[in-house]
Amino acid sequence: MPFYIARQAPKLWRKICTETTIEISLVAENWKLLIAGIVFQYIHGLAAHGIHYLHRPGPTLQDAGFFLLPELGQDRAYISETSFTFIFASFVLWTLHPFVFQNKKIYTVLIWCRVLAYLVACQILRIFTFYSTHLPGPNYHCHEGSKLARLPHPKSAIELLVINFSRGVNYGCGDLIFSSHMIFTIVFVRTYHKYGTNRCSKQFAWLLAVAQSFLIVASHKHYTVDVVVAWYTVNLVTFFIDKKLPDLPERPTGLTSLPPLPQSRDWDSKTKEEHLILLTGVTVETAG
């Protein structure tokens, strides 16, 4: 076994190098979209941070989910975050699988361009929604008497603009309708459902999304309305974006054909042969 791994390592390395070359060329073509999507994640975090300053704790609103689902409590609230982390990490790893596996149906950069477009559109709607009406947070740290329920007014612009994302995710208050966790979950599951190849994994992903919905409500991170609105809003937004944007190109599978790379008129047959050797590790003998 150690000998087999050592012999296969150079082939895997060539595959990773070739895939990296392809993805770098795609980054060069789409870097503006990628940067815009990443920057807006900060803007969305800034908006959620700002609404916390306006949050006023009050009595928890009557909620059907709180009555019907058993409460996880503070000691088991981590279950919801653990489930979300698993979904998030699984999706990220799936988008990176073309660097390792031969069955390559997607381009990583193009998938993330599409995902960021979904996220930005949904997050814009979310910002307008939770700033329109301020609801008392149902989470335990948002109740009256908690030190985290209200944020003291910022002493400077720097304090306002510097965001602790991990603290905001776990201890934010006021950014309720609709759930950001469900935005990411539904976008990831929908994307995998459309571009993934394993049918059982797709069904399991949808089950995880449904389970995540119940866990969010059971842990009192959101009201039920936050989750319900997320389900139809995110699906409608992604549906209309898919109608407007061209579909992603489906790449050839396996290593029998050259992946599409930026080509110039000077890219002759010798260069193609060298690229095929790099891709497959097999020297092609040309007829003399």
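Each residue, glycine too, has its Cβ placed from N, Cα and C.
In TrEMBL, the annotation transmembrane segment applies to 169-192, one of the ranges 25-48, 169-192, 217-240. Using DSSP to sort the residues of the domain 'Sphingomyelin synthase-like' (172-240) gives these counts of helix, strand and coil: 53 helix, 0 strand, 16 coil. Over the domain 'Sphingomyelin synthase-like' (172-240) the predicted model carries a mean pLDDT of 95.
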